[in-house]
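**Student:** Feature table excerpt (TrEMBL):
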- THR94, SER95, PHE122, PRO123, THR124, ASP125, THR164, ASP193, HIS196, TYR218, TRP248, THR274: pyridoxal 5'-phosphate binding site (BINDING)
- LYS219: N6-(pyridoxal phosphate)lysine (MOD_RES)
Amino acid sequence: MTSQHPADIADGLASKKQAFQIPDGVIYLDGNSLGVLPKHVPARIAKVISEEWGNSLIRAWNTHSWIDLPTRTGDRIGKLIGAPAGTVVACDSTSINVFKVLFAALSLRPDRKVILSDNGNFPTDLYVASGLTRLLDKGYELKVVDPEAVKDAIGKDVAAVMLTQVDYRTGRLHDMKDLTRTAHDAGALAIWDLAHSAGAVPVDLSGAGADFAVGCGYKYLNGGPGAPAFLYVAPEHQDKVTSPMTGWMGHEAPFAFDLDYRPVAGINRMTVGTPAILALSSLHSALDVFEDVDMVEIRRKSVSLSELFIAEVEDKCPQLTLASPRDPEARGSQVSFRFAEGYAVMQALISRGVIGDFRAPDVMRFGFTPLYLSHQDIVDAVGILKDILETESWNRPEFKTRAKVT
Ligand SMILES: Cc1ncc(COP(=O)(O)O)c(C=O)c1O
């Protein structure tokens, strides 16, 4: 008989697990990297392919409202991140959306030359920012400080503060409201990467006064591998900015085929080319699972799962060192532990059905997705981790060969 952890008995989200396809014998602690497939999505995609594409063909852009799918999906995401209808669009990748919103932010502060970020930011954001500064060639500087030093580094020369709210390695959570206020007090704008926040922690973009935001569709939003990302522009900026990629989907009248570019009013001006309907349909459909839950409930369970995980690991696996903030208020929905042979341990764990991931040089990352994890899963996962560490079953050549994706 399988055991049941006492905290699972009164768990109001427990039944949600049934909505997801979790392979037998798998405890999935990597929803922060690639979310699990909601069971209803394949049938939805099959319908989009065989009925909408198959039968309606080109007509489906109108008859099935494909043309509005980026904003319809954006509005659903907006509900999870405190963004009103018409402020979020689902499109492109997070990296591309960083480029677009950063360009837009810089254009609103033409007299300032500094982009401020931190060294806990996801590298693609920093790569994109430095690429944009080179491309603009107007003396912009990307200034990268420690996460704790961001607040004091926001000076009058800063055009945009560009941060990822939840650190991809440690789960450290920035105070969005406080840093956005500090940025505004200094006359700067605030850009937030919500890749590890959307669907995982309650976010209130409007309440925080954030100017721009981006994030991934394939992590906690369960949109599928390479799902479209999202992009938010605060209402007061929407008609003052343009995309650096002025493609026809952002045009006021794409089907007028005019030779000059005139940006459409509203969030659609940040879109570029033809939307990826199959991928967007998957993301749009996956968001159904959030319809009847609120982010506060998700957060409560996320904290409970991650606190249990830390307590169990520290009790049973003294070889590992906590890399995440101990205070749950200072963490997102993931917990990381350091171990010199962390890569091999993670491969050994995966071989036994406990799936997390690894970030160089020594970080073992575990994501907590309250919609499809139970407290018992956590206890069982740590039981397997303890066995792997005690028996040193990780110490085998096949667990030490690095794959392309870690
Ligand atoms: C914080 C953050 N931003 C951006 C990205 C990259 O997004 P993409 O590869 O979809 O452009 C990731 C990917 O994990 C991420 O964690």
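Just so you know, glycine gets a Cβ as well, placed from its N, Cα and C.
In TrEMBL, annotation is done automatically, which means it is predicted and not curated.
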**Student:** Identify which of the following recorded positions, namely THR124, THR164, LYS219, TRP248, place a Cβ less than 6 Å away from any atom of ligand 1, and list them by sequence position.
**Tutor:** THR124, THR164
**Student:** For a quick check of understanding: among the binding-site residues PHE122, TRP248, which residue's Cβ has the most other Cβ atoms within 10 Å?
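**Tutor:** The residue with the most neighbouring Cβ atoms within 10 Å is PHE122.
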**Student:** Compute all pairwise C-alpha distances among THR94, SER95, PHE122, PRO123, THR124, ASP125, THR164, ASP193, HIS196, TYR218, TRP248, THR274, the residues listed as binding pyridoxal 5'-phosphate, and give the largest one in whole angstrom.
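**Tutor:** Answer in Å: the longest Cα-Cα distance is 31.
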**Student:** Which number gives the other C-beta atoms within 10 angstroms of the C-beta of THR164 (pyridoxal 5'-phosphate binding site), all protein chains shown included?
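**Tutor:** The answer is 29.
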**Student:** Reduce the DSSP letter at THR164 (pyridoxal 5'-phosphate binding site) to three states and note it down.
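**Tutor:** For THR164 (pyridoxal 5'-phosphate binding site) - judged by DSSP and reduced to three states - the answer is strand.
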**Student:** When a 10 Å sphere is centred on the Cβ of THR94 (pyridoxal 5'-phosphate binding site), how many other Cβ atoms does it contain?
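**Tutor:** There are 25 such Cβ atoms around THR94 (pyridoxal 5'-phosphate binding site).
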**Student:** Roughly how many Å lie between the Cα atoms of HIS196 (pyridoxal 5'-phosphate binding site) and LYS219 (N6-(pyridoxal phosphate)lysine), rounded to a whole value?
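**Tutor:** That separation, Cα to Cα, works out to 7 Å.
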**Student:** How far is it from THR124 (pyridoxal 5'-phosphate binding site) to LYS219 (N6-(pyridoxal phosphate)lysine), counting Cα to Cα, in Å?
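**Tutor:** Between the alpha carbons of THR124 (pyridoxal 5'-phosphate binding site) and LYS219 (N6-(pyridoxal phosphate)lysine) there are 16 Å.
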**Student:** List, in sequence order, the same-chain residues at least six positions removed whose CB sits under 8 Å from that of the residue listed as 'N6-(pyridoxal phosphate)lysine'?
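**Tutor:** Looking at Cβ-Cβ distances below 8 Å from the residue listed as 'N6-(pyridoxal phosphate)lysine', excluding near sequence neighbours, one finds GLY31, ASN32, SER33, LEU34, GLY35, ALA195, HIS196, ALA198, GLY199, ALA200.
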**Student:** Test of understanding: give the count of other CB atoms lying within 10 angstroms of the CB of THR124 (pyridoxal 5'-phosphate binding site).
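**Tutor:** Summing over all protein chains shown, THR124 (pyridoxal 5'-phosphate binding site) has 17 other Cβ atoms within 10 Å.
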**Student:** Inside 10 Å of the Cβ of HIS196 (pyridoxal 5'-phosphate binding site), count up the other Cβ atoms and send me the figure.
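**Tutor:** Step by step: centre on the Cβ of HIS196 (pyridoxal 5'-phosphate binding site), count other Cβ atoms within 10 Å, giving 26.
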